[in-house]
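Chemist: The following feature annotations were taken from TrEMBL:
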- 1-16: compositional bias 'Polar residues' (COMPBIAS)
- 1-56: region 'Disordered' (REGION)
- 17-49: compositional bias 'Low complexity' (COMPBIAS)
- 52-179: domain 'ALOG' (DOMAIN)
- 166-196: region 'Disordered' (REGION)
- 184-196: compositional bias 'Pro residues' (COMPBIAS)
């Protein structure tokens, strides 16, 4: 084998060791998304780029679907309830990165503890709240009815409130809603004298 062929061979091996993922499948010339012009040639529509929110929503939806498939016994989306959503949220805690102090911890209620402690890492309340918002929207976008949306169940709302309050106490951080600053009213034009 000559050196150039050997170099190309090693490059293709390197390339094959990586996994490439795309968010939108490429369209082919004969795909139904292409439109036909008057001359009979087919044009391909360019793939749309999704916003960061839409990409995250898609990933979250796929993760929840995987969770349902791995559930014992496997669950269909139509049989999913608020209780299953709570199971999913508790399952996610194992991947959390937020230190939540227990009541026995000397740093309980301190936002910036001076030393490390053995308290567990959890999902932050803000992350869970945003996740539920995205999954709630994705459920309805994928054909679910708003009245049967398990992500909007009362139990899920109560759980999120409980997590928020307990993390606020444990971490000494208040989760008060920030009020939006309203733009100042436009200056009013000087009043014209009434016509005489």
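Glycine residues also receive a Cβ, built from the backbone N, Cα and C atoms like all the rest.
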Chemist: Over the domain 'ALOG' (52-179), work out the mean pLDDT and round it to an integer.
Modeler: 90
Chemist: Counting each residue once, how many in the domain 'ALOG' (52-179) are helix, strand and coil under DSSP?
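Modeler: Helix, strand and coil residues of the domain 'ALOG' (52-179) number 77 helix, 4 strand, 47 coil.
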